[in-house]
């Protein structure tokens with residue numbers, strides 16, 4: 001007889017080589033052809049909803065690694081909630097309006113092509129966006145993302161555009177929207193206002209100047225008598241924007257700063273006491289004298305001479321003036337700064353803006369009319385020198401706002417715009433009070449957005465663009481009052497847009513709905529794209545019948561100033577409540593040096609390349625194994641390490657599958673199962689409880705650490721090695737093997753549901769090979785089971801697990817010394833303390849199977865013995881000898897019965913019973 005033919009060898013068509021790039025598309029096709037996600041929605045329709053609202057990426061260009069991270073994290077949650085029994089309707093979306101697409105269209109066709117045909121321009125923008133959505137959607141689906149892709153949303157859908165207008169109407173009705181002229185961030189390149197969320201800050205070097213403003217009414221100064229009427233008196237100001245000096249309308253000082261009078265060779269200067277030394281040093285003035293402290297209450301009466309215009313400006317008090325740098329005095333141009341504007345309003349100053357849409361001074365401006373503001377600083381400095389008003393100039397490095405799109409410096413410029421008031425009807429306070437009720441993950445997000453809301457200016461909603469949702473309002477030409485029928489006009493505009501997109505409103509005869517239209521001017525501006533995405537809680541969720549507050553918003557950490565904030569503001573402006581219950585943020589992706597991905601640096605790792613080379617599951621596993629609450633580092637070396645972890649999971653899965661190929665859920669009572677099997681099921685159940693808790697808390701990197709450790713240590717390093725003998729050599733349908741097979745099936749079921757939200761393709765591939773499966777693992781829920789094993793037995797097998805590495809190490813040392821060959825050639829003699837003796841002796845002859853040796857003898861030692869291993873509980877020494885018996889041809893154990901069985905002289909009595917008899921019995925291992 002060929003005894004090898006009597007072995008129960010593992011068998012599976014589940015390959016060790018994953019070949020994910022080729023295998024994953026077949027799984028995608030199966031999901032699509034069988035409508036797996038839709039089937040899940042159908043079977044869960046009566047269950048509790050879980051709403052993860054998708055923040056829309058911009059429909060421009062290929063998806064990058066940041067897009068992939070965001071959608072993959074969302075998919076982890078979608079699938080974990082599906083498997084938790086929720087109804088999870090996930091609606092992917094895109095942001096489509098705005099400048100980037102306008103630029104792409106202008107780049108393709110030229111700026112002049114659509115100059116007189118805005119409808120054709122809008123149509124070209126729409127076509128471009130549609131193509132981008134198709135391309136990005138395919139890439140997201142390739143990542144294995146579940147969602148209602150056939151019914152995705154975009155901000156350019158006519159229903160969405162219509163609802164955006166309706167949302168604006170609701171906010172106007174609630175008294176949150178107003179029209180006014182105040183400084184806003186202005187992009188010269190796009191000739192348009194920007195919102196806070198569109199502003200990036202970068203360090204630049206500016207030409208800073210210290211400019212003397214001459215006091216005209218010095219007789220009002222109480223300290224003037226100490227000056228002997230000798231020289232003129234000046235208040236020097238310091239600014240990093242010399243180009244704003246033509247718009248100066250005041251000089252601001254502080255009533256909390258101590259000022260002094262400084263005498264130089266030919267003038268008196270009033271400077272903050274703490275700043276005298278640096279100002280004098282930078283001015284190159286060594287010969288000076290501090291005469292007197294200045295009385296702050298005299299500032300309000302001072303009149304100053306503008307440094308190059310025939311203009312008298314007042315000295316005022318302003319809260320934003322400090323003595324941290326400069327001179328302690330600030331020049332005020334209300335048309336060019338938020339603080340200046342506020343100070344100007346308080347002091348009835350003119351909000352003057354001499355700069356046009358394109359960053360040039362208006363032609364009527366004296367001296368500098370028609371000049372570009374970015375090119376005039378040298379001319380202004382030269383004029384200041386000529387007029388003897390320049391105390392000093394310097395290069396000054398500081399943080400400055402830039403356009404998010406053009407990467408160019410912005411200016412503050414007062415222009416007529418539409419604003420969301422943060423304080424009308426208590427909006428700011430309403431939001432601040434609500435922020436504490438939202439769960440922010442990580443927790444620092446709460447203070448971050450609270451401080452942003454607390455300090456942010458009113459939201460500039462209007463844009464001077466064509467590709468966007470129109471602001472369908474009409475203002476009286478004389479009074480600037482809204483048309484009395486504004487609510488009806490907005491409703492009609494929403495209806496018109498719903499029938500034919502924003503183009504329909506563009507062509508619509510407004511005279512038919514606007515009474516006395518000749519007395520009104522139509523607003524031609526469009527809405528900020530952050531308004532578009534900010535109201536998706538209304539235009540997407542509520543309009544599709546999802547009335548509940550979203551359970552989760554999940555985006556990058558930059559969205560505290562973007563989508564999280566715009567959504568929170570608009571929801572409160574409409575309904576005085578938050579649009580979300582939980583907010584989760586992830587960090588940016590950086591290379592191994594901590595640098596952000598950048599084309600210019602050349603460090604970009606594209607998701608498409610990883611998918612092509614390794615497969616989407618490897619990319620997904622990298623996301624899961626990285627702590628997304630911080631910057632997420634990626635490199636070829638990191639992907640290689642991730643692939644090794646993947647192989648460990650796949651190798652474990654292959655072993656489990658290969659040993660249940662002939663297992664058809666044959667029932668074996670749990671009380672008849674081998675105790676070691678019960679122990680590992682217990683360990684899996686404990687881990688399962690922890691993993692499900694981690695999924696609830698979005699701790700994906702912890703989950704994968706736990707899964708890989710379980711596969712490596714408890715399974716690969718212990719249990720699976722022990723049960724090979726039972727699986728391969730025990731009677732095929734005997735209880736010991738069935739116990740091991742049932743355990744393998746349970747372990748595979750646990751493991752596969754643990755990885756299903758993360759390794760989505762691999763989990764489906766595994767599931768297709770499991771007995772009695774459904775159409776997809778995503779039509780099932782978390783696996784769970786239990787077997788009875790009392791606490792004492794758990795402690796016993798935990799203890800065995802803890803000492804096994806010591807035994808294995810000593811066997812390996814004996815092998816290295818050529819004292820034995822394989823571990824099965826060993827006979828162990830263990831001398832141990834009473835605690836360990838009591839544990840080991842309970843397993844009797846089956847202890848050898850735990851240590852994978854041919855025999856194991858246990859001897860009770862004395863407490864005084866000098867043990868090789870000595871810890872708190874276990875004290876033992878081991879001696880190893882080579883077995884004197886023959887090797888069984890079938891199980892490879894060395895046993896005294898080999899050679900004694902008539903007709904079967906090459907096998908042991910245990911194998912003889914497994915082949916010819918009723919099969920062996922196992923109780924413990």
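Positions of Cβ are set from backbone N, Cα and C atoms, glycine also.
Averaged across the domain 'Aminoacyl-tRNA synthetase class Ia' (27-635), pLDDT in this predicted model comes to 93. According to TrEMBL, the domain 'Aminoacyl-tRNA synthetase class Ia' annotation covers 27-635.
Per DSSP, the motif ''HIGH' region' (57-67) is made up of 3 helix, 1 strand, 7 coil. Taken from TrEMBL, the feature motif ''HIGH' region' applies to 57-67.
Within 10 Å of the C-beta of residue 555 (L-isoleucyl-5'-AMP binding site) we count 20 further C-beta atoms, all protein chains included. In the three-state DSSP scheme, residue 555 (L-isoleucyl-5'-AMP binding site) falls into the strand class. Sequence annotations record features per position, and here TrEMBL assigns L-isoleucyl-5'-AMP binding site to 555.
DSSP states for the motif ''KMSKS' region' (596-600), grouped as helix (H, G, I), strand (E, B) and coil, give 0 helix, 1 strand, 4 coil. The motif ''KMSKS' region' annotation in TrEMBL covers 596-600.
Among the features that TrEMBL reports, ATP binding site is placed at 599.
Sequence annotations record features per position, and here TrEMBL assigns domain 'Methionyl/Valyl/Leucyl/Isoleucyl-tRNA synthetase anticodon-binding' to 677-828.
For 886-913, the entry in TrEMBL reads domain 'Zinc finger FPG/IleRS-type'.
According to TrEMBL, the feature Zn(2+) binding site maps to 888, 891, 908, 911. DSSP gives residue 891 (Zn(2+) binding site) a coil state; it is part of no helix or strand.
In this structure the alpha carbons, written CA, of residue 911 (Zn(2+) binding site) and residue 555 (L-isoleucyl-5'-AMP binding site) are 60 Å apart. The 10 Å shell around the Cβ of residue 911 (Zn(2+) binding site) contains 27 further Cβ atoms across the protein chains shown.
If you compare Cα positions, residue 599 (ATP binding site) sits closest to 555 out of the binding-site residues 555, 888, 891, 908.
Within the chain carrying the motif ''KMSKS' region' (596-600), a Cβ under 8 angstroms from the stretch's Cβ atoms is held by residues 64-66, 588-590, all 6 or more beyond its ends. Highlighted in sequence order, 729, 889, 890, 892, 893, 895, 898, 907, 909, 910, 912 have their Cβ within 8 Å of the centre of the Cβ atoms of 888, 891, 908, 911, the residues recorded for Zn(2+), and are not part of that set. For residue 555 (L-isoleucyl-5'-AMP binding site), the spatially nearest entry among the binding-site residues 888, 891, 908 is 891, judged by CA separation. Most Cβ neighbours within 10 Å, among the binding-site residues 888, 891, 908: 908 holds that distinction in the structure as shown. All protein chains shown were included, and the count of other CB atoms within 10 Å of the CB of residue 599 (ATP binding site) stands at 7. Within the chain, the domain 'Zinc finger FPG/IleRS-type' (886-913) has long-range Cβ neighbours (under 8 A, six or more residues past its boundaries) at 3-4, 6-7, 725, 728-729, 731, 822, 824-825, 827, 854-855, 919-920.
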